[in-house]
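Database features, via TrEMBL:
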- 27-428: domain 'Citrate transporter-like' (DOMAIN)
- 6-25: transmembrane segment (TRANSMEM)
- 37-53: transmembrane segment (TRANSMEM)
- 65-85: transmembrane segment (TRANSMEM)
- 175-201: transmembrane segment (TRANSMEM)
- 288-320: transmembrane segment (TRANSMEM)
- 332-350: transmembrane segment (TRANSMEM)
- 371-389: transmembrane segment (TRANSMEM)
- 420-442: transmembrane segment (TRANSMEM)
- 462-483: transmembrane segment (TRANSMEM)
Amino acid sequence: MALASLSKVVLGSAAFGVFWVLAVFPSVPFMPIGRTAGALLGAALMVVFHVISPDDAYASVDLPILGLLFATMVVGGYLKSVGMFGHLGRLLAWRSQGGRDLLCRVCVVTALASALFTNDTCCVVLTEFVLELAAERNLPAKPFLLALATSANIGSSATPIGNPQNLVIAFNSKITFVGFFLGILPAMVAGMAVNMVMLLCMYWKDLEGNSPDAIAAEKEMAAVEEGRRPSPATSGTLKSPGQTMLVQSSSLVAAADHDSVMVESISTKHRWFIQCSAPQRRLFLKSFAYIVTAGMLVAYMLGLNMSWTAITTAVALIVVDFRDAELCLGKVSYSLLVFFTGMFVTVSGFNKTGLPGAIWNVMAPYSKISHVSGVTVLSIIIIILSNLASNVPTVLLMGDEVAASAATISAAAVTRSWLLLAWVSTVAGNLSLLGSAANLIVCEQARRAPRNAHDLTFWSHVVFGAPSTLVVTAVGIPLIGIINAA
């Protein structure tokens with residue numbers, strides 16, 4: 001695309017710069033309006049400066065992506081209310097054998113869950129579980145928070161619904177759910193393993209906490225020395241080692257069951273529900289939520305429209321809930337949807353200046369994915385842009401250009417270029433706290449936790465995130481090439 005007039009290039013770049021500053025630094029002293037308002041401001045400036053017309057601005061908003069994001073949040077809310085994520089917490093706690101074993105579990109469970117339920121959702125619901133588990137074993141919180149954030153990003157790379165940038169890539173590239181999954185799965189598994197090993201190596205000594213059985217024994221010994229009788233919880237733990245985690249992690253189970261209270265207390269005038277007991281109602285709603293969610297995943301794999309499949313699933317849950325949906329819909333993050341709306345317009349306006357295309361034209365000869373050097377240069381560009389402008393804007397800016405460049409090689413190269421963009425832009429989010437929304441969610445959730453709060457600083461994340469990003473990215477790229485060349 002040719003460069004626009006000088007005035008459009010300058011004004012469009014200025015509007016995009018405002019958006020970028022407020023997206024990366026939402027609380028800047030001179031304009032602390034936040035990311036969402038910053039995205040709207042950037043979009044408005046693009047229209048006011050005549051960089052993009054109002055009609056083109058509305059047309060640039062990708063409704064299928066917004067619909068899929070909205071429906072995924074609704075479905076995630078219902079799954080949380082029926083205790084789905086409580087089961088994940090129990091899985092992390094069950095018969096854990098010390099700090100290193102627990103860290104590995106956090107990495108694996110988080111990565112797999114993020115591929116199905118998005119990285120942001122998993123980080124929201126699992127952060128407090130992880131803090132609680134670490135505190136019960138007298139372990140530092142930092143390694144587990146890093147494991148949660150980085151594994152969530154790596155795991156989310158495997159599916160189109162794992163994170164927002166993958167949604168953009170799936171819609172623009174027309175790659176099927178199964179094709180996307182199989183194309184990135186080997187890289188995701190290898191990346192998760194490498195990230196886990198790096199965490200263990202860096203924090204090996206810090207993870208030498210006691211096992212739950214040892215902690216319970218210490219409590220009983222202290223009670224005997226003080227002439228007091230051990231508490232029933234402690235005695236029960238010692239008598240039933242297999243149920244140790246059910247006793248030690250009672251607070252986790254209580255927290256998970258708290259989500260189910262919402263299901264039990266549903267008020268409805270439906271005759272069948274009135275005649276059923278509370279356990280029957282809870283069992284019915286849980287079963288229905290799990291069944292329709294599994295059906296949604298099957299529909300994705302069959303290649304059905306992802307946006308309308310998710311919307312249909314959300315509507316089915318709302319209808320069967322038999323109550324006013326305002327409570328559920330009120331938990332949707334509308335600010336995130338508004339942020340994406342403003343970002344679509346802002347990025348579209350910036351593209352119309354022709355500046356991204358001109359920059360890419362300079363770098364394209366050195367970024368051919370048919371050569372190792374080209375893939376390396378392309379990956380470095382994606383990593384830098386993903387941490388400067390965030391991964392979703394990077395995908396929006398570079399996606400078509402990268403695919404067009406790959407089309408000159410072969411049709412298979414186009415698919416590989418999209419998957420490469422998905423992999424690198426997602427893993428790039430692990431470099432710093434600002435690289436991914438999932439990182440910021442873990443940081444804020446941990447800082448505001450009612451118990452065992454921990455402040456994960458920018459630099460403490462970079463110390464591990466930077467080497468992890470480079471190594472994991474390098475490990476995954478050849479696997480993406482192999483699986484799609486076969």
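Cβ coordinates come from backbone N, Cα and C, glycine included.
TrEMBL annotations: computationally assigned, not manually curated.
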Would you kindly check 6-25, 65-85, 175-201, 371-389, 420-442 and say which stretch has the most C-beta pairs under 8 angstroms to the transmembrane segment (462-483)?
175-201
Take the transmembrane segment (175-201) and find every residue of the same chain, 6 or more past its ends, with a Cβ under 8 Å from one of its Cβ atoms.
100, 103-104, 107-108, 111, 115, 143, 146-147, 150-151, 154-155, 157-160, 166, 169, 207, 300-301, 303, 306, 415-416, 418-419, 422-423, 427, 430, 464, 467-468, 471-473, 475-477, 479-480, 482-484
Residues of the parent chain within Cβ reach of the transmembrane segment (6-25), under 8 Å, 6 or more residues beyond its termini:
31, 33-35, 37-39, 41-43, 45-46, 49-51, 342-343, 346-347, 349-350, 352-355, 388-390, 393, 434
Same-chain residue ranges lying at least 6 outside the transmembrane segment (371-389) that approach it to Cβ under 8 Å:
20, 23-24, 363, 397-398, 402, 420-421, 424-425, 428-429, 431-432, 434-435, 469, 473, 477, 481
